[in-house]
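Trainee: Quick one: the structure is below, and I'll ask about it shortly.
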Amino acid sequence: MDHVNYTWTRTFILAGFTTSGTLQHLAVFGTLCIYLLTLAGNLFIIVLVQADSGLSTPMYFFISVLSFLELWYVSTTVPTLLHTLLHGPSPIPSSACFVQLYVFHSLGMTECYLLGVMALDRYLAICRPLHYHALMSRQVQKQLVGVTWLAGFSAALVPAGLTASLPYCLKEVAHYFCDLAPVMQLACVDTSWHARLYIAVIGMINTCNLTFILGLYGGIVRAVLKLPSAASRAKAFSTCSSHITVVTLFFGSAFIVYVGPPEIRAEGRDKLIALVYTLLTPFFNPIIYTLRHKEVKEAFKRVTQRIHAVLN
């Protein structure tokens, strides 16, 4: 493809949301509060898992890794969201734009793989209880986490690299951060095959992981239904409910934006839907895992008691 005759754009403009007056102040205040609470909630889970031996299980190790990932995930997009809410359309260097795009999709794909690993953990705990600790040793846990991060950051290289290589004639990105579709619309050339490639890559990764997760939960349901008492069945299902909620939020919104009909992107609804997985999901994750798991509440009481004992 010959890019010689095109003028390359060195700076993009993030359009963000159009707000003014009281609505603008409320949007900035609400976004900032959610962001700070998201950081605090995920840090709380990470510290609690490290501080309390009662949470030294594979499930909580993976939850703490998810919280660590969410800290970076939400911090990739919220600063530019806040900046556009405060100052309106905001300039961003093209290099910073492409870095944001790559990091955002790397973390998103990493979370996609990590949710699959967490489903595998629940499957082994419920369906292979006698071999669970041998199969999910600390070394295996670290290896699985390493593979998810490597796979996520590797998979994002293709769409991010191809997007960065395009020539750009327009400047205004119809979004509050640099995402694939809004950035590609600014290219000087036809990007239809790029769009098909991105949908194929992202759709395949999401579909394969979601199919893997659903297959594992199919095995979990069959195993749980064979348990003798209603109490044991309820306890087994309760350990999966938080993960199922997070999977639904993450994959549901991601499929709508990246694999859904073009009308969604054309009408600008993708910005609103993107708030679900860029801001709300990282915010709700600590709440979901804290409220649904009695072990977390008990661990918090133990840590609090130890702190009081030290201070007194």
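Glycine too: its Cβ is placed from the backbone N, Cα and C atoms.
Those TrEMBL annotations? Automatic predictions, nothing curated.
Sharing the feature lines straight out of TrEMBL:
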- 26-49: transmembrane segment (TRANSMEM)
- 41-289: domain 'G-protein coupled receptors family 1 profile' (DOMAIN)
- 61-82: transmembrane segment (TRANSMEM)
- 102-124: transmembrane segment (TRANSMEM)
- 144-162: transmembrane segment (TRANSMEM)
- 197-225: transmembrane segment (TRANSMEM)
- 237-260: transmembrane segment (TRANSMEM)
- 272-291: transmembrane segment (TRANSMEM)
Trainee: Are there 3 or more C-beta pairs under 8 Å linking the transmembrane segment (26-49) with the transmembrane segment (102-124), counting only pairs at least 6 apart in sequence?
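Mentor: Result for the transmembrane segment (102-124) with the transmembrane segment (26-49) is no.
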Trainee: State, in range form, which of 26-49, 237-260, 272-291 has the highest count of Cβ pairs under 8 Å to the transmembrane segment (197-225).
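Mentor: If we count Cβ pairs closer than 8 Å to the transmembrane segment (197-225), 237-260 scores highest.
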Trainee: Are the transmembrane segment (237-260) and the transmembrane segment (272-291) close, by which I mean at least 3 Cβ pairs under 8 Å that are 6+ residues apart in sequence?
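Mentor: Output yes: the transmembrane segment (237-260) sits against the transmembrane segment (272-291).
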Trainee: Among the recorded stretches 26-49, 61-82, 144-162, which has the greatest number of Cβ pairs closer than 8 Å to the transmembrane segment (272-291)?
Mentor: 26-49
Trainee: What residues elsewhere in the chain lie close to the transmembrane segment (61-82), defined as a C-beta under 8 angstroms and at least 6 residues from its ends?
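Mentor: For the transmembrane segment (61-82), the list is 14, 16, 28, 31-32, 35, 38-39, 41-43, 45-46, 49-50, 90, 92, 100, 103-104, 107-108, 110-111, 114-115, 117-118, 121, 138, 141, 145, 176-177, 246, 278-279, 281-283, 285-286, 289.
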Trainee: Mean pLDDT, the domain 'G-protein coupled receptors family 1 profile' (41-289)?
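Mentor: The predicted confidence over the domain 'G-protein coupled receptors family 1 profile' (41-289), as a mean pLDDT, is 88.
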